[in-house]
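Visitor: Dropping the structure in here first, questions after.
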Amino acid sequence: MGQIVTFFQEVPHVIEEVMNIVLIALSILAILKGLYNVATCGLIGLVTFLLLSGRSCSLIYKGTYELQTLELNMETLNMTMPLSCTKNNSHHYIRVGNETGLELTLTNTSILNHKFCNLSDAHKRNLYDHSLMSIISTFHLSIPNFNQYEAMSCDFNGGKITVQYNLSHSFAVDAAGHCGTLANGVLQTFMRMAWGGSYIALDSGRGNWDCIMTSYQYLIIQNTTWDDHCQFSRPSPIGYLGLLSQRTRDIYISRRLLGTFTWTLSDSEGNETPGGYCLTRWMLIEAELKCFGNTAVAKCNEKHDEEFCDMLRLFDFNKQAIRRLKTEAQMSIQLINKAVNALINDQLIMKNHLRDIMGIPYCNYSRYWYLNHTSTGKTSLPRCWLISNGSYLNETKFSDDIEQQADNMITEMLQKEYIDRQGKTPLGLVDLFVFSTSFYLISIFLHLVKIPTHRHIVGKPCPKPHRLNHMGICSCGLYKQPGVPVRWKR
C-alpha cells in the first residue's frame, strides 16, 4: 500500500520532467522553424542579390570549355542500308552488305548497243538481284520527267545488271538548253545518290545550281563484288536516304510522317533512354567511347532538326534491326525504304545538298563538334562541323556558334539548378509544431513583410536565374535593352 502512495507522489515530478523535455524540444523546433522562416522571407536573398548585383549571373558555372570533336564511322551501317562512296574521278559505288554492291561509272564508252530495257521479262525470269534492283529503281524513279526511253538501255544476261543512261545530246538545241534536258535530270539524280561521297567529275554550272555539266557521255550502273572501293571518300548512307525520302510521289506522305512519327532512341531492351546515349568504338573513327547525357538525348527525342540526332537514329535503328530482325540484304533494303521518313529529316538533307551545290558551307553528316564543361562534365548536343571547298572550316569561322552554345549550356544548368532548389522542402516536420516564442514571432513578422529580393521588368515574367540591375539589363547578355522600367519583387 505504501508503495502505491509513493508512486502517486512521484507522478507530478515525472510529469514535470517530461514537460521540461517537451518544452526544450519544442523550443529547439521553434527556433529551427524561425531560422527557416528568416531564410525564406527574402532577407538573405536580398543581401545575396545586393552582393552579386552587377556581376555575371552565370559566375558559379563559369569555367573552362573544351571544344571536342567526333567523327562517325558509317561503314557499320552497311547491313541495313546502302552506302555510297567514291574511288576516283569517274567511279562511284553503292555498297550493300559485305560482298556486293553497284558501280556507277561516268564514261565516254558505250557498252550496250541497243536502246531498250526489257525489265518485265527479266523480272519474270528472276534474273537479277532484287536488293540491288530496288536501289536502281529508286534512282530511276527519282529522275525528273523521264520521258525519253531511248536514252536508257539495260541488260540482265546471266544475272548481271547493266543499266546505261545516254548523257549526250542528239541535237544542237538540246546541247544549248542542257539545263532542262533529261541528261541534266540524270546528273542531278546521280549527284544526290552519290552525295556524302564525291562527284568531282561534275560541274554545277556555277551560274545555276540545278544545271549540272559533265564531259562524259554515259552513266553506266553495274553490279559488282565489293572490294576496297572507298578510296577517295568514306562510305555514307545519306545520299541514298536523301534520294529515297525526296521521291516526288512521297513528298506529301513524308511531310505527314515527320509531324506524327519519329524513331525514338532506345536502350538495349528497347526502352527509351532518358539517361543518355553512348557511341561505341565501332560507331566512331579513331575514338573509343563517347557518351552524351540525357539533355542531348531528350532533345533528339523531342525534335527532328539536328543532323547529329538523325545519325543517332540511324545507328540505333541499325543496331535494333540487326539484333531483332536479323534481316537479309533484300529485306533490309525494303525495311529502310519504309522507315526512312521516320529516321531522318529529309529537309535537312536537301538543305545541305543545296548548300553544297551553291558553294555555301554544308554538313556532310560525318564530323561533329561539341563543348565539354570541365568542372561539371556536362556536354552540349553535338553540332555538325561544316565543310567548304572540300575541307572543314577553321574554328574561327564559327566562333560565334561556339560562344552561343556555351551560353545555352549555362542557361540550361542555371534553370535546372533553380528548379531543383525550388522542389526541395527542408524541415517539413517542423510545420507540425507551431508554438510562439519571441524569435518565432519575429520570424513570422519578417515572413509576412515579404522583403523583395530581385528586380522584374514591368509587364514581363520573373527573370530568374538572371539578375537585373537598375537599368533592367543582365551582365550575362540575355537582357540587352537598357532603361526599361523595373520594380522590386519577392
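Backbone N, Cα and C atoms are what each Cβ position is placed from, and that goes for glycine too.
Features from Swiss-Prot:
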{"type": "LIPID", "residues": "GLY2", "note": "N-myristoyl glycine"}
{"type": "TOPO_DOM", "residues": "2-17", "note": "topological domain 'Extracellular'"}
{"type": "TRANSMEM", "residues": "18-33", "note": "transmembrane segment"}
{"type": "TOPO_DOM", "residues": "34-58", "note": "topological domain 'Cytoplasmic'"}
{"type": "BINDING", "residues": "CYS57, HIS466, CYS474, CYS476", "note": "Zn(2+) 1 binding site"}
{"type": "TOPO_DOM", "residues": "59-431", "note": "topological domain 'Extracellular'"}
{"type": "CARBOHYD", "residues": "ASN78", "note": "N-linked glycosylation site"}
{"type": "DISULFID", "residues": "CYS85-CYS230", "note": "disulfide bond"}
{"type": "CARBOHYD", "residues": "ASN88", "note": "N-linked glycosylation site"}
{"type": "CARBOHYD", "residues": "ASN98", "note": "N-linked glycosylation site"}
{"type": "CARBOHYD", "residues": "ASN108", "note": "N-linked glycosylation site"}
{"type": "DISULFID", "residues": "CYS117-CYS154", "note": "disulfide bond"}
{"type": "CARBOHYD", "residues": "ASN118", "note": "N-linked glycosylation site"}
{"type": "CARBOHYD", "residues": "ASN166", "note": "N-linked glycosylation site"}
{"type": "DISULFID", "residues": "CYS179-CYS211", "note": "disulfide bond"}
{"type": "CARBOHYD", "residues": "ASN223", "note": "N-linked glycosylation site"}
{"type": "DISULFID", "residues": "CYS278-CYS291", "note": "disulfide bond"}
{"type": "DISULFID", "residues": "CYS300-CYS309", "note": "disulfide bond"}
{"type": "DISULFID", "residues": "CYS363-CYS384", "note": "disulfide bond"}
{"type": "CARBOHYD", "residues": "ASN364", "note": "N-linked glycosylation site"}
{"type": "CARBOHYD", "residues": "ASN372", "note": "N-linked glycosylation site"}
{"type": "CARBOHYD", "residues": "ASN389", "note": "N-linked glycosylation site"}
{"type": "CARBOHYD", "residues": "ASN394", "note": "N-linked glycosylation site"}
{"type": "TRANSMEM", "residues": "432-452", "note": "transmembrane segment"}
{"type": "TOPO_DOM", "residues": "453-490", "note": "topological domain 'Cytoplasmic'"}
{"type": "BINDING", "residues": "HIS454, HIS456, CYS462", "note": "Zn(2+) 2 binding site"}
Visitor: Indicate whether CYS179 (disulfide bond) is helix, strand or coil by DSSP.
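Guide: In three-state terms, CYS179 (disulfide bond) counts as helix.
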Visitor: Please report the distance from the Cα of HIS456 (Zn(2+) 2 binding site) to the Cα of HIS466 (Zn(2+) 1 binding site), rounded to the nearest angstrom.
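Guide: Pair distance, Cα basis, whole Å: 10 Å.
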Visitor: Measuring Cα to Cα, tell me the gap between CYS179 (disulfide bond) and CYS474 (Zn(2+) 1 binding site) in whole angstrom.
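Guide: On Cα coordinates alone, these residues lie 54 Å apart.
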Visitor: If you count, for each of the glycosylation sites ASN78, ASN372, ASN394, the other Cβ atoms lying within 10 Å of its Cβ, which residue has the minimum?
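Guide: Counting other Cβ atoms within 10 Å of each of the glycosylation sites ASN78, ASN372, ASN394 gives the minimum at ASN394.
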Visitor: For CYS309 (disulfide bond), which of the binding-site residues HIS454, CYS462, HIS466, CYS474 has the nearest Cα in space?
Guide: HIS466
Visitor: Taking DSSP as the reference, which of helix, strand or coil describes CYS278 (disulfide bond)?
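Guide: Its secondary structure by DSSP: strand.
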Visitor: What recorded positions in the list ASN166, ASN223, CYS291, ASN364, HIS454, HIS466 lie within 10 angstroms of CYS384 (disulfide bond), counting C-alpha atoms?
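Guide: The recorded positions passing the 10 Å Cα test are ASN364.
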Visitor: Other than HIS454, HIS456, CYS462, which residues of the chain come within 8 Å of the Zn(2+) 2 site, judged by Cβ distance to the Cβ centroid of those residues?
Guide: ARG455, PRO461, PRO463, LYS464, LEU468, LYS489
Visitor: Between ASN389 (N-linked glycosylation site) and CYS363 (disulfide bond), find the distance joining the two CA atoms and give it rounded to the nearest Å.
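Guide: Given the Cα positions, ASN389 (N-linked glycosylation site) is 12 Å from CYS363 (disulfide bond).
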Visitor: Is it possible to get the count of other C-beta atoms within 10 angstroms of the C-beta of CYS291 (disulfide bond)?
Guide: 12
Visitor: Could you say whether, by DSSP, CYS291 (disulfide bond) belongs to a helix, a strand or a coil region?
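Guide: The three-state answer is strand.
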Visitor: Counting other CB atoms within 10 A of each CB, which of the recorded positions CYS179, CYS300, CYS474 comes out lowest?
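Guide: Lowest Cβ count within 10 Å among the recorded positions (CYS179, CYS300, CYS474) is CYS179.
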Visitor: Provide the three-state secondary structure of ASN223 (N-linked glycosylation site) computed with DSSP.
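Guide: The residue in question, ASN223 (N-linked glycosylation site), is strand (DSSP, three-state).
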Visitor: Relative to the Cβ of ASN118 (N-linked glycosylation site), which residues of the same chain, six or more apart in sequence, are found under 8 Å away?
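Guide: Non-local contacts for ASN118 (N-linked glycosylation site): CYS154.
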